[in-house]
Amino acid sequence: MNWRTIIYVVLLVSLTVAKALPRTSQDVEGKTSIGQRFTQLHENNFKAIALIMFAQYVPGGTFGKAARMAEQVTALARSCAAAARDSPDCLKPLDRIFFDTICQEKNLPRIADCCAKEDSERNDCFLSLKNFSQGFIPPLERPDAEAACRNYSQHQQPLTAYFTYEVSRKHPFLPAPTILSVALRYEEMMKRCCGGAEGPSQHLEECFRTQAPKVVKPVREDALRQEHTCGILKKFGERTLKALKLTQISQKFPKADFVTVHKLVMDVADMHKDCCRGDMLDCMRDREDILQYVCSNQHILSSKIQQCCEQPVLQRSECIIHVENDDKPADLSPHIREFIEDNGICEHFAQEKDTHLARFLYEYSRRHPEFSTQMLLRIGKGYEDLLQECCRPGAPSGCCSRGEEELRKHIYETESVMRTSCDIYNEKGDYYFQNELLMSFTKKMPQLTSAELIKFTKEMTTIGSKCCQLGQDKLLRCAEENLDLVLGEICRRHLADPINPGVCRCCSSSYAFRRPCIGKLEVDESYVPLALTPGLFAFHGDLCTTEEEKLQHRKQEMLITLLKYKPQISPEHLGSVTAAFSAMRERCCGEANPEACFLKEGPELIKRSEKMLSA
């Protein structure tokens, strides 16, 4: 059976895959054998999961070696299921079998040290290779249309399996269900564009241009969300991750009681710990257990997830994540004054601090689906600070009552920031709104490259186009939660290559306050501006391009350079320089020889601008 058929079968079979896989070596020792696993999973599921595992654990290998190791493990499982149940190899835990298979393969990069270790230490070593591999493998790109269709029609290589391998090695922490789902979308794209038996589509390049993003974009988004969650866990710890999940689950399931929500929070946090660590087997098992619990308890969780739970298991998780929040209970009071007015709150806070704070966050979150999770976490932190102050000996009576006023002030300030940003976006549009962001972030983070600044501000502009058209009940949550993903990218960039002390403080001090902190950053005083060299501002004929997108990109690069040269430039001076540049461009692009014009006019513009800025 070829790999393409295997991918299809694995997508159609319920993920008993996850349930059948072992959680740890200790769980399977003397219990379920690889033969029994093979029988539970069926050969096609077993083989596909094996390919993903070998691609993720040995990202520096080749497709041929990963496929060969997958075939080898599958053959062992098949023989163990058939007759050789008592063979020593058949009694090994599944994870040990996988690592033994890798260690038997010759000429695989960077595995010798891992293979010299035993069991759990060996597992940890292979997990460290996953971390090492990230950033050394180029991202997924749109395939060459003609070559892809030629391979597809001739069946000279198992394209879908090869694509699965490539996604797996490029994203070593991406869960197997996500990868298999992407493989199905890839197969659908190949069928649509290459035309199957009828031959290739008449507009091959156009087909791939429109269809490839549908394949690649979900991979990037899923990988970004997972990297973001793992970044929070790594930087801010398990307590912050649990608080984040508590707000999200409380908003999603406002009818569920605290005990049920707390159980889900613990289970989801444990799942993320396994997934972020790279333990794919445990990650899959955890995910399946959570889905089974949620779908088995719909009556106490939500009336909105029935359709999700009727879908194949592979699609359930994504469906539940994106399904709208359940309606709040009809008898849910709008306020939670007992957390302010109850005489016993200080006693509860002293005796069971985390549980008391969790109950407050649960009650507040389920009442406010319109708030972002980050804002809810800030409210929770504000409540904790309030109790720490008001529950100390000698605190004045009525101390806690001022918390309501502070809360209203914070909500108003947050909503005002989002409204102001949307007002600017709606007034200026995508390009000029991004320019406003570029001016702000180049001053805050001049150490970033032009490409990075343009990328991050482009993502923020996309958030404006997505969220600023929404009503007030959805605007805040949409804007801040999406912005949080971009700020997470910036902070991971800082972690890999430090930007400046201000960014360090904002990315390290508090997850909940990261957005307000970065928003308040001003010009980085530690930055040494660029020196004015002959090549710093270069004006060429490419400024006369009729392709608006290329021209805008070129102008943004020049804007960034100007701000790195003069970080303290005033809006008035910036406007004057911009106007002078636009006049020069219009004049030179009207000449028969624009390049010669820029060569003459460019230095004059720089000289006049420098004189004005130095005045």
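For all residues, glycine too, the Cβ spot is worked out from N, Cα and C.
Note that TrEMBL annotation is computational and uncurated.
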(message) Which one, Cys103, Cys114, is listed by TrEMBL as the other cysteine in the disulfide with Cys125?
(response) Cys114
(message) Tell me which of Cys467, Cys468, Cys478 TrEMBL records as disulfide-bonded to Cys422.
(response) Cys468
(message) What does TrEMBL give as the disulfide partner of Cys207, choosing from Cys193, Cys230?
(response) Cys193
(request) Determine, on the basis of TrEMBL, the cysteine among Cys491, Cys517 paired with Cys507 in a disulphide. (result) Cys491
(request) Count the Cβ atoms, other than its own, that fall within 10 Å of the Cβ of Cys319 (disulfide bond), considering every protein chain shown. (result) 14
(message) Using the alpha carbons only, what distance in Å do you get between Asp289 (Ca(2+) 1 binding site) and Cys283 (disulfide bond) once rounded?
(response) 10
(message) Spatial neighbours of Cys588 (disulfide bond) among the disulfide-bonded residues Cys125, Cys308, Cys319, Cys422, defined as Cα within 10 A: which are they?
(response) none
(request) Go through the recorded positions Cys125, Asp279, Cys346, Cys507 and tell me which ones have a CA within 10 A of the CA of Cys390 (disulfide bond). (result) Cys346
(request) Quick one: of Cys125, Cys193, Cys467, Cys491, which of the disulfide-bonded residues has the smallest count of other CB atoms within 10 A? (result) Cys125
